[in-house]
Amino acid sequence: VLSAEDKANVKAVWSKLGGHGAEYGAEALGRMFESHPTTKTYPFHFDVSHGSAQVKGHGKKVADALATAASHLDDLPGALSALSDLHAHKLRVDPVNFKLLSHCLLVTLAAHHPAEFTPAAHASLDKFLASVSTVLTSKYR
């Protein structure tokens, strides 16, 4: 459960991203594919090479979904319900990949925004991404 401080930290960091969300999403996906080769089995139809159009496109989708989540912190399940259905029933993404991508997102954000990435912000973002991952995997059962 995100505390009021966590919510404030998430909103503060998200407001600093500016128009770079898609870029950071693609960078995080690239990090995940390089660091965890087993994640390359999904999406099997993607060109997972660095800078590919598919990685950039999916990076934008990731960033947009996280922006939606960051603006609906009090109702993540409602805000992400359709996305949860998509990942569980159609795409069938391995649930472990959400945790791996979350870590890669944290690394990417820390690299680009070191001043904003305080220990408190790091902890809050980690909780936020874990909450998003939990919602996205909730319909796998």
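Glycine residues also receive a Cβ, built from the backbone N, Cα and C atoms like all the rest.
Feature annotation from Swiss-Prot assigns domain 'Globin' to 1-141. Taking DSSP states H, G and I as helix and E and B as strand, the domain 'Globin' (1-141) has 108 helix, 0 strand, 33 coil.
Packing around SER3 (phosphoserine) is summarised by its Cβ count: 10 other Cβ atoms lie within 10 angstroms of its Cβ, all protein chains included. The phosphoserine feature in Swiss-Prot is assigned to SER3 (among others).
Per Swiss-Prot, the feature N6-acetyllysine maps to LYS16.
Taking all protein chains in view, 15 other C-beta atoms sit within 10 angstroms of the C-beta of LYS16 (N6-acetyllysine). Annotation source Swiss-Prot lists N6-succinyllysine at LYS16 (among others), citing similarity to another entry.
The Cβ of TYR24 (phosphotyrosine) lies under 8 Å from the Cβ of LEU17, GLY59, ALA63, LEU105, THR108, LEU109, HIS112, each of which sits 6+ residues away along the same chain. Annotated phosphotyrosine per Swiss-Prot: TYR24, in sequence order.
Taken from Swiss-Prot, the feature phosphoserine applies to SER35 (among others), supported by similarity to another entry.
Under a cutoff of 8 A between CB atoms, and with a sequence separation of 6+ in the same chain, the neighbours of SER49 (phosphoserine) are VAL55. Taken from Swiss-Prot, the feature phosphoserine covers SER49 (among others), and the record attributes it to similarity to another entry.
All protein chains considered, the CB of HIS58 (O2 binding site) has 18 other CB atoms within 10 Å. The annotation O2 binding site is assigned in Swiss-Prot to HIS58 on the grounds of sequence analysis.
Non-local neighbourhood of HIS87 (heme b binding site): VAL93, LEU136, THR137, LYS139, each in the same chain, at least six residues away, with C-beta under 8 Å from its C-beta. Per Swiss-Prot, the feature heme b binding site maps to HIS87.
Long-range neighbours of SER102 (phosphoserine) (same chain, six or more residues apart, CB within less than 8 Å of its CB): ASP126, LEU129, ALA130, VAL132, SER133. Residues annotated as phosphoserine in Swiss-Prot: SER102 (among others).
Here the Cβ of THR108 (phosphothreonine) has 22 other Cβ atoms within 10 Å, regardless of which shown protein chain they belong to. Look at Swiss-Prot and you will find THR108 (among others) tagged as phosphothreonine, backed by similarity to another entry.
Sequence-distant neighbours of SER124 (phosphoserine) (same chain, six or more apart, CB under 8 Å from its CB) are LEU2, GLU5, ASP6, LYS7, ASN9, VAL10, VAL13, listed in sequence order. According to Swiss-Prot, the feature phosphoserine maps to SER124 (among others), an assignment based on similarity to another entry.
The phosphothreonine feature in Swiss-Prot is assigned to THR134 (among others).
A sphere of 10 angstroms centred on the C-beta of THR137 (phosphothreonine) encloses 19 other C-beta atoms. Summarising the annotation, Swiss-Prot assigns phosphothreonine to THR137 (among others).
Taking Cβ-Cβ distances under 8 Å and a sequence separation of 6 or more, the neighbours of SER138 (phosphoserine) in its chain are PRO77, SER84, ALA88. The phosphoserine annotation in Swiss-Prot covers SER138 (among others), and the record cites similarity to another entry as its basis.
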